[in-house]
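Scroll down for the structure; my scribbles are underneath it.
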Amino acid sequence: MSALAPLRLLREPWNASEGNQSNATAWASGGWCQGLDIPSELFLALGLVSLVENLLVVAAILKNRNLHSPTYYFICCLAVSDMLVSISNLAEMLFVLLLEHGVLVMRPSIIRHMDSVIDMLICSSVVSSLSFLGVIAVDRYITIFYALRYHSIMTLQRAVVTMASIWLASTVSSTVLITYYRSSTILLCLIGFFLFMLVLMLVLYIHMFALARHHLHSISSQQKPPTAHRGGSLKGAVTLTILLGVFFICWGPFFFHLILIVTCPTNPFCTCFFSYFNLFLILIICNSVIDPLIYAFRSQELRRTLREVVTCSW
């Protein structure tokens, strides 16, 4: 089990003949195609930062009754998903270190079983994180376009059903992925899921930004000068750009990696791209570090509760 590749099942192309794969690897063995050597300490450091950040978010939302609403429950679930990414990464790192230093002595069959469990946990967290990012986008959309009907549309019961369904679907899909990871159909379903979430967020956030611009033009036609309103619109545009940019940058390379595994496993360029798999994992972990900054810490109420949690002012 590689300490730097928790999703080692998806690290290398499996749908290529051994001879073709070795030839492609030999062709791409020089220069930038040798990949990027990322130290284990970086994985551990990012994992710890993400774990602490998201743990604080969960604690703050559970503590403050004012945050007991569907919107913050979705943010809480996103934080839990990101925590699973960090915990899985940290668990594998510690597991590997204990094995390498002889502290743990296990049979190969048990090691493979532990590896599969960790892989399943990471896959589940990936699917659930993507799902809750999409749910948060839908929730914001309803808040803006159906503000007066929000509480009748997004009831607590519907929010609970949505959260339970996502966790159940994530667990089932991760089990299927780990069991049938050699199936192109399974990988295509995962890729399709990512593209669906990307398009969903693009459509919803662009529509929300279009509404903000419409309001800006309406206000500008009545008030002069409209500088402050333009500043607010610009701030909204920057926020949406950050949301979509972070999502695409952090998740895009990993799913492009999956696309190449399906489409061109023996192509020299694809082989070069495969060698940077550890970097794609780092980006996913970075996303779990950035998510609280975007979705949680921007709330004044949540920041106040966080200060109380940190200073133990219970």
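In case you wondered, yes, glycine gets a Cβ from its N, Cα and C as well.
Given the structure is predicted, the values throughout are model-derived calculations rather than measurements.
Features as listed in TrEMBL:
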- 42-62: transmembrane segment (TRANSMEM)
- 53-295: domain 'G-protein coupled receptors family 1 profile' (DOMAIN)
- 74-97: transmembrane segment (TRANSMEM)
- 117-138: transmembrane segment (TRANSMEM)
- 159-179: transmembrane segment (TRANSMEM)
- 185-212: transmembrane segment (TRANSMEM)
- 233-261: transmembrane segment (TRANSMEM)
- 273-297: transmembrane segment (TRANSMEM)
Distal contacts, the transmembrane segment (159-179) - CB-CB under 8 A, six or more residues away: 9, 70, 73-74, 77, 116, 119-121, 123-128, 131-132, 135, 186, 190
Overall pLDDT of the domain 'G-protein coupled receptors family 1 profile' (53-295), taken as the mean: 81
When counting Cβ pairs under 8 Å to the transmembrane segment (117-138), the leader among 42-62, 185-212, 273-297: 185-212
